[in-house]
(Lines of atoms letter the chains of each structure in order from A and count residues from 1; the text may use other names and numbers.)
(Lines give C-alpha, C1' and ligand atoms only; values in the text may rest on other atoms or scores of the structure.)
Protein backbone atom coordinates (compact mmCIF):
# COMPACT_ATOMS: atom_id res chain seq x y z
CA UNK A 1 0.00 0.00 0.00
CA UNK A 2 1.20 3.46 -0.86
CA UNK A 3 0.92 6.61 1.20
CA UNK A 4 -1.64 8.86 -0.49
CA UNK A 5 -3.30 12.19 0.08
CA UNK A 6 -7.00 12.79 -0.32
CA UNK A 7 -9.43 15.62 0.25
CA UNK A 8 -12.45 15.64 2.51
CA UNK A 9 -15.02 18.40 2.88
CA UNK A 10 -17.29 18.45 5.91
CA UNK A 11 -20.51 19.73 4.37
CA UNK A 12 -22.88 22.44 5.67
CA UNK A 13 -25.33 19.95 7.20
CA UNK A 14 -22.65 18.32 9.35
CA UNK A 15 -21.23 21.73 10.29
CA UNK A 16 -24.68 22.86 11.41
CA UNK A 17 -25.00 19.71 13.56
CA UNK A 18 -21.66 20.46 15.26
CA UNK A 19 -20.13 17.22 13.96
CA UNK A 20 -16.78 18.64 12.76
CA UNK A 21 -14.73 17.58 15.79
CA UNK A 22 -16.13 14.05 15.83
CA UNK A 23 -15.53 13.65 12.10
CA UNK A 24 -11.92 14.87 12.22
CA UNK A 25 -11.26 12.78 15.33
CA UNK A 26 -12.49 9.67 13.51
CA UNK A 27 -9.86 10.14 10.80
CA UNK A 28 -7.13 10.79 13.36
CA UNK A 29 -8.16 7.63 15.25
CA UNK A 30 -7.94 5.71 11.96
CA UNK A 31 -4.29 6.80 11.62
CA UNK A 32 -4.56 9.65 9.11
CA UNK A 33 -2.50 12.80 9.37
CA UNK A 34 -4.15 16.14 8.66
CA UNK A 35 -1.82 17.95 6.25
CA UNK A 36 -4.04 21.00 5.61
CA UNK A 37 -7.25 22.38 7.10
CA UNK A 38 -9.43 25.30 6.03
CA UNK A 39 -12.87 26.67 6.91
CA UNK A 40 -14.62 28.69 4.21
CA UNK A 41 -17.91 29.20 2.41
CA UNK A 42 -18.27 28.27 -1.26
CA UNK A 43 -19.82 30.84 -3.56
CA UNK A 44 -22.31 29.23 -5.94
CA UNK A 45 -19.81 29.82 -8.76
CA UNK A 46 -16.93 28.12 -6.94
CA UNK A 47 -19.15 25.22 -5.84
CA UNK A 48 -20.14 24.76 -9.49
CA UNK A 49 -16.49 24.74 -10.55
CA UNK A 50 -15.56 22.27 -7.82
CA UNK A 51 -18.36 19.86 -8.77
CA UNK A 52 -17.98 20.39 -12.53
CA UNK A 53 -17.98 16.60 -13.14
CA UNK A 54 -21.65 16.56 -12.11
CA UNK A 55 -22.73 19.53 -14.26
CA UNK A 56 -24.89 17.40 -16.58
CA UNK A 57 -26.63 15.51 -13.78
CA UNK A 58 -30.13 16.48 -12.63
CA UNK A 59 -29.01 17.13 -9.04
CA UNK A 60 -26.22 19.57 -9.99
CA UNK A 61 -28.04 22.83 -9.17
CA UNK A 62 -29.32 21.47 -5.87
CA UNK A 63 -25.78 20.33 -4.97
CA UNK A 64 -24.33 23.76 -5.79
CA UNK A 65 -27.00 25.51 -3.71
CA UNK A 66 -26.47 23.16 -0.77
CA UNK A 67 -22.68 23.39 -0.81
CA UNK A 68 -22.86 27.21 -0.84
CA UNK A 69 -25.54 27.36 1.89
CA UNK A 70 -23.17 27.53 4.85
CA UNK A 71 -19.60 27.07 6.04
CA UNK A 72 -17.61 23.96 5.17
CA UNK A 73 -14.26 22.61 6.34
CA UNK A 74 -11.83 21.05 3.88
CA UNK A 75 -8.90 18.90 4.94
CA UNK A 76 -6.09 17.08 3.20
CA UNK A 77 -5.62 13.68 4.81
CA UNK A 78 -2.52 11.55 4.36
CA UNK A 79 -2.19 7.86 5.03
CA UNK A 80 -1.76 4.37 3.61
CA UNK A 81 -4.22 3.74 0.77
CA UNK A 82 -5.97 6.97 1.86
CA UNK A 83 -8.46 7.36 -0.99
CA UNK A 84 -9.97 3.88 -0.64
CA UNK A 85 -9.87 3.83 3.16
CA UNK A 86 -11.47 7.26 3.52
CA UNK A 87 -14.26 6.24 1.12
CA UNK A 88 -14.88 3.15 3.28
CA UNK A 89 -14.97 5.23 6.47
CA UNK A 90 -17.45 7.76 5.08
CA UNK A 91 -19.78 5.05 3.73
CA UNK A 92 -22.26 5.02 0.83
CA UNK A 93 -23.38 8.30 -0.75
CA UNK A 94 -26.96 7.87 0.48
CA UNK A 95 -26.99 8.24 4.27
CA UNK A 96 -30.19 6.18 4.54
CA UNK A 97 -28.46 3.29 2.76
CA UNK A 98 -25.33 3.85 4.88
CA UNK A 99 -27.36 3.34 8.07
CA UNK A 100 -28.34 -0.12 6.77
CA UNK A 101 -25.05 -1.37 5.32
CA UNK A 102 -22.38 0.68 7.16
CA UNK A 103 -23.93 1.91 10.44
CA UNK A 104 -20.59 3.07 11.85
CA UNK A 105 -19.78 5.18 8.80
CA UNK A 106 -19.66 8.97 8.95
CA UNK A 107 -22.58 9.35 6.56
CA UNK A 108 -24.71 6.93 8.61
CA UNK A 109 -23.95 8.82 11.80
CA UNK A 110 -24.13 12.43 10.60
CA UNK A 111 -25.90 12.48 7.22
CA UNK A 112 -29.61 12.69 6.48
CA UNK A 113 -30.08 11.42 2.93
CA UNK A 114 -28.37 11.28 -0.47
CA UNK A 115 -28.07 15.06 -0.78
CA UNK A 116 -27.32 16.04 2.81
CA UNK A 117 -24.77 13.33 3.49
CA UNK A 118 -22.33 15.16 5.80
CA UNK A 119 -19.06 14.72 3.91
CA UNK A 120 -17.37 14.73 0.53
CA UNK A 121 -14.25 12.68 -0.21
CA UNK A 122 -12.15 12.32 -3.34
CA UNK A 123 -12.96 9.14 -5.25
CA UNK A 124 -9.76 8.67 -7.28
CA UNK A 125 -6.13 9.82 -7.36
CA UNK A 126 -7.01 12.17 -10.23
CA UNK A 127 -9.92 13.77 -8.41
CA UNK A 128 -7.85 14.03 -5.22
CA UNK A 129 -5.14 15.95 -7.05
CA UNK A 130 -7.65 18.27 -8.74
CA UNK A 131 -9.65 18.88 -5.56
CA UNK A 132 -6.65 19.48 -3.31
CA UNK A 133 -5.24 22.02 -5.77
CA UNK A 134 -8.66 23.65 -6.14
CA UNK A 135 -9.00 24.29 -2.39
CA UNK A 136 -5.42 24.71 -1.18
CA UNK A 137 -2.29 26.45 -2.39
CA UNK A 138 0.98 24.56 -2.06
CA UNK A 139 2.02 26.71 0.90
CA UNK A 140 -1.06 25.69 2.87
CA UNK A 141 -0.17 21.98 2.85
CA UNK A 142 2.46 20.74 5.30
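Cβ atoms are placed via backbone N, Cα and C, with glycine included.
Values in this document were obtained by computation on a predicted structure and should not be read as measured data.
For residue 120 (active site, pros-phosphohistidine intermediate), other Cβ atoms within 10 Å of its Cβ number 20. Positions annotated as active site, pros-phosphohistidine intermediate by Swiss-Prot: 120.
What Swiss-Prot records for 11, 59, 87, 93, 107, 117 is ATP binding site, and it gives sequence analysis as the kind of evidence. Around residue 93 (ATP binding site), a 10 Å sphere centred on its CB holds 16 further CB atoms from the protein chains shown.
A gap of 9 Å separates the Cα atoms of residue 87 (ATP binding site) and residue 120 (active site, pros-phosphohistidine intermediate). Residues 11, 59, 87, 93, 107, 117, recorded as contacting ATP, have a largest CA-CA distance of 21 Å. A count of other CB atoms within 10 A of each Cβ picks out 107 as the most crowded of the binding-site residues 11, 87, 107.
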